[in-house]
Structure formats: structure tokens, C-alpha cells
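Colleague: Not my notes, these are from Swiss-Prot:
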DOMAIN    1-27  domain 'Anaphylatoxin-like 2'
DISULFID  C28-C52  disulfide bond
DOMAIN    28-60  domain 'Anaphylatoxin-like 3'
DISULFID  C42-C60  disulfide bond
DISULFID  C96-C106  disulfide bond
DOMAIN    132-177  domain 'EGF-like 2'
DISULFID  C164-C176  disulfide bond
DISULFID  C189-C204  disulfide bond
DISULFID  C210-C222  disulfide bond
DISULFID  C275-C288  disulfide bond
DISULFID  C299-C312  disulfide bond
DISULFID  C318-C330  disulfide bond
DOMAIN    396-439  domain 'EGF-like 8'
DISULFID  C400-C413  disulfide bond
DISULFID  C424-C438  disulfide bond
DISULFID  C444-C457  disulfide bond
Amino acid sequence: ANEQDHCAAPRGDNASLEATFVKRCCHCCLLGRAAQAQGQSCEYNLMVGYQCGQVFRACCVKSQETGDLDVRSLQETDKITEVEEEQEDPYLNDRCRGGGPCKQQCRDTGDEVVCSCFVGYQLLSDGVSCEDVNECITGSHSCRLGESCINTVGSFRCQRDSSCGTGYELTEDNSCKDIDQCESGIHNCLPDFICQNTLGSFRCRPKLQCKNGFIQDALANCIDINECLSIVSAPCPTGHTCINTEGSYTQKNVPNCGRGYHLNEEGTRCDVNECAPPAEPCGKGHRCVNSPGSFRCECKTGYYFDGISRMCVDVNECQRYPGRLCGHKCENTLGSYVCSCSVGFRLSVDGRSCEDINECSSSPCSQECANVYGSYQCYCRRGYQLSDVDGVTCEDIDECALPTGGHICSYRCINIPGSFQCSCPASGYRLAPNGRNCQDIDECVTGIHNCSINETCFNIQGGFRCLAFECPENYRRSAATRCERLPCHENRECSKLPLRITYYHLSFPTNIQAPAVVFRMGPSSAVPGDSMQLAITGGNEEGFFTTRKVSPHSGVVALTKPVPEPRDLLLTVKMDLYRHGTVSSFVAKLFIFVSAEL
């Protein structure tokens, strides 16, 4: 599809499923190229299935890079036959269909769905979502020295810190490329000149070359060279005077100066050079200039002549030209000045400008460093904090010692470098999926208890109990936890026994709020005129519990004070029910298991 802009139909009447799949993949590719050609986003969701969506995006992105698709060729995508539309989607049961649970990329391995992210993103801890990778902080960018890294969503870009300067242009790869003014026609050479490109500039070379003894000026005119003014190579020998002519020069003998005189530079007359060493007629700060028959004193560069004191005084360039000589700081010196920079900057090669120092290149921070203009900033990873002492060292945060540390873990918090861990008691509990709470292990459900076949397993917080009971004499078992009294047959002692004994199991932690109702007792069906009395007849030696009536025919057992430590209690509660002039007794055996609080 990328090369031919159309899809070939499967050949033969018995075209294989593979050929049919290839053609369907081809149509998905053409849809991606069509989206790019029509200016649509390559991330557009067509609800065509995960595999087709991946091919759609890949061909759309590639078409953006090549830009060679003719929209008219996309008409072929409309020619999918009804037979193809009726074929069963081979990826109907694909859990990645439509993207599945993943935010970006999804792959169904058969055993599980694996999510992944596009380049420039990283998978979050939920295993589904993706977040942008900050390549500028992680150091995974490719920016060169002199370039700043700027993070973008899914990628980054490099930006040159300084401009290229006159005569250069910035390329797409942040390089400085010389501008050929001659080729681009932006030079200012006159018609009599030929433009010749140089690095960062150009020069105009005259088309007409001058003869020996002449030099061309800026307008390509030939100007006579005064050979006699050459200081490097004097054309005439000592004792002769040089006389310039058009295109050349001549020489003649010089006069013979008397004692105490010297021939001047022109060789025309004799003069005394009062400025010649070791004589210093002008004094400190002056420059002596010889003249015919005399001399004059001038101030050196960096000094000016004070008409009042008649002396050369130092020029304070920093005050005379404020902010124009130096980029940061200007310090005056005798006859000159010196530029310096603020902290975090260094002096450029021109001796005047200041450029930022990248302090991060020397790794001053213990973890992360970010260079800023004129300084730098240290950062710490999650679980660490910057030291208040030096501002560069990252110290571990003891999450367990924070004011909220007691609420981080339900049982015990253990600090580790950069994070913390929660733990549970050695037995009876396991750590919840959130990594903070402790969940009770129901040994009775999981089958890890050691109760015998004649015992009943009862789960409590952090453990379990094996319970078994037998009905006392003159009673028979009527339910799993209930005993009924046998007929008494005129036996008075027997008639005083409770009609029913029922066993109950209760469990609560030591930190339960008191007072608290833990058990309610009354007849299963009340009759008008019923009344009752409730009393604890055993197991309350320490006075943790009490009874009270809440209605004429029902009462409750309440906890009056917290049980200070884990323990097992057996409480016997007796209810006397008065009905139609007779009294019937009922007993409740309460197995109470007090567990430790987390």
C-alpha cells in the first residue's frame, strides 16, 4: 500500500486466510495515508480494532514523512466487497481490540494483556497509563554543549543558547552555517567588483588589476603608492632621501647634519630629537613628540590633560561610559579599565562580555542538578529532601517519623532509603494490596487451622479458635450450638434447670469503645404480659460486663470497661422469663475472644 497506493485482491477462489488478512491490513494502511492526506490526526480512533489501528497510525506517520500520496488513489479503499465485510474478524476475541485497557500500546500474549508506551513515554505504576519522560532531567537527550534542552510531550528539542552572529544562519540541527552573500545576491559590490564569499562575510575584489606601484581604493581606482612612507622596508639606503613619483620613486643624497642634530624622517633637514632616550622631558603620564627644532608633550592613551594642574590625569572609563564597556562589572585602572563578572558567570574571550557557567557539569548536587542563568538548582528524587545545611545534599525523608507517620501503616512502619515499608504481625495477618493495611487471615476459610473433625473452627482477629461442646446431663443437642432439656417426669430438681442452653461466639479488639452492647437476649416471640430478668451468673469476676433491660421482655449484655489485653472469656448469662404465672429459665454461654489491636 505504501508503494502502489492500492491493494491487490486475493487470487483464486480458495484464497487463504493469510492472503485475506494481508489485504485487510493493506486497507488499514490506505486509511492511515488518507487521514494524513486530508489533514486529520494520526491518533484518530476509527474503532477498527487494535491491529488495524496500529497499521493505520504507522502508515499515517510514514506518509507525513514522505508526503507522496495522491488522494484520488484512496478511492480504491471504497471497493471492499460485501464478501470481505461479511468475513469474520479474526481478532474478535482479542482483548486488545480497540486499544483494550491500555492508554497507548496493547499486546495480548494469551495469558495476559501487556501495556506499553510510545517512545518518549514511560509506563505508570498502574500498568495501563503512560506519562511523558522528561529527557532534559533524566539526561537521555542528545543536546550538545551550548544548547539548552527543552522538554516536549513525548520528546524534546534542543535550542541554541546564543545566536550565530552576523553572516551566519541557524540550521535545523542547531549548527551555524555561513551565509553565502555572493550566491544569495545580498552583497553590495559595485559593478566593477567581483563578490568573493568569506566565512561570516564577503569581500569585493576589483575586476581591473592595477600596475606595479599602484593600489586600488574602495571604488576600484588605481592610486599611486608612496613607497617612501613604508616603515617596514625603506626603499632607499642610509644617507639618501626617497622621493615619490607616480608609480615609483627616486632617491637623492641627504644633507650632513651637524653635531647634536639628527636627520628628520623625511631626510630634508637636520633636527635634535629631544624625545630620544634616556631623556624624559615630559614626565610621568606624558608622551614626548619631537618636532622640527622643538618637541611637544601629549598625554598617553587613557589619560587627559588637566589645564589647571597642567598634568595628565587618568580617565575613569567606567564612569565616562557606564554600562557600555563591560557586560557586568567595570573596574578602573591607571590608563585603562578591567571587566569582571558576577558569581555564576565568566569573562568571554573578548574580555568584556560575560557568559553563564554551567555549574552542573561539575556535578555539585548529590542527585539532580538543573542549570539556571547565573546559578544552578539542586533537586532530589521522590523520598528525599534537600538539606537545609548545604542545599546540595539529598537526605532521606523518614516518612514513619512525620506527623502523619502513625497513619501511614495500620500496624508498623519501617523507613527505607527514599521510601518506607509497612509490615504486619508475624502470624494471623497479611499485607493488603495497598501495601499499608493489614488484613486478617481467615484460617477457617483457607483451611490452615488445626481443628479436629469434632471441633468447630472460629476465626478471630489475628488467629482462630477450635471450639467443641457437649450437652450436660438431662439435655439433648437440638442444633449445632443448642441443647434442649429432657422431660422431667415430676422431678422437682429437674424442673429448676434451664429449658435451653445456647452457645455463642463473640470477638472484638482491646481498643473497643466502652460502654458497648455486645449481646442481646429475649424470647423468640413475645406474648403480652411477658416479663424477664437477665443476670450474669459466671465468668464476670473482673466486672468487665453488666446487664440491663431495654424492654419488659428483652435485655442486653454490655461491656462496661475495655479489656486491657488479649484474652478468652466464657460468660454465662441467665434469663428468667415470666409468662402466665410460670417461670422458665434460659442460659446463653458466650465465648468471648478479645484480640490485640493493630
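From the backbone N, Cα and C atoms, a Cβ is placed for every residue, glycine too.
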Colleague: So which residues does the domain 'EGF-like 8' (396-439) touch in its own chain, when a touch means Cβ under 8 Å and the partner is 6 or more beyond its ends?
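Modeller: Contacts with the domain 'EGF-like 8' (396-439): 381-385, 461-463, 598.
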Colleague: So how many other Cβ atoms are close to C28 (disulfide bond), meaning within 10 Å of its Cβ?
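Modeller: So the Cβ neighbour count for C28 (disulfide bond) comes to 24.
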Colleague: Under 8 Å Cβ-Cβ from C318 (disulfide bond), six or more apart in the same chain: what's there?
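Modeller: When sequence neighbours closer than 6 are ignored, C318 (disulfide bond) has L325, C326, C330, E331, N332, Y337 within Cβ distance under 8 Å.
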Colleague: Fewest other CB within 10 angstroms, which one of the disulfide-bonded residues C42, C299, C413, C424?
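Modeller: Relative to the other disulfide-bonded residues in C42, C299, C413, C424, C42 has the fewest Cβ atoms within 10 Å.
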Colleague: If I take the Cα of C42 (disulfide bond) as reference, which of the disulfide-bonded residues C106, C210, C275, C400, C457 has the closest Cα?
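Modeller: Nearest candidate: C106.
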Colleague: Whole-number Å only: compute the distance from the Cα of C438 (disulfide bond) to the Cα of C288 (disulfide bond).
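Modeller: Each residue's Cα considered, C438 (disulfide bond) and C288 (disulfide bond) end up 97 Å apart.
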Colleague: Within 10 Å of its Cβ, which one of these disulfide-bonded residues (C60, C275) has the largest number of other Cβ atoms?
Modeller: C60
Colleague: Take the Cβ of C222 (disulfide bond) and count every other Cβ within 10 Å, whichever protein chain it belongs to.
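Modeller: Total other Cβ atoms inside 10 Å, all chains included: 16.
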Colleague: Ranked by the number of other Cβ atoms within 10 Å of their own Cβ, which of the disulfide-bonded residues C210, C400, C438, C457 ranks first?
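Modeller: Of C210, C400, C438, C457, the one with the most crowded Cβ is C438.
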Colleague: State the Cα to Cα distance, in Å, between C106 (disulfide bond) and C288 (disulfide bond), rounded to an integer.
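Modeller: That separation, Cα to Cα, works out to 88 Å.
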Colleague: May I ask which of the disulfide-bonded residues C96, C176, C222 is closest to C189 (disulfide bond) if we compare their C-alpha atoms?
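Modeller: Result for C189 (disulfide bond): the nearest of the disulfide-bonded residues is C222.
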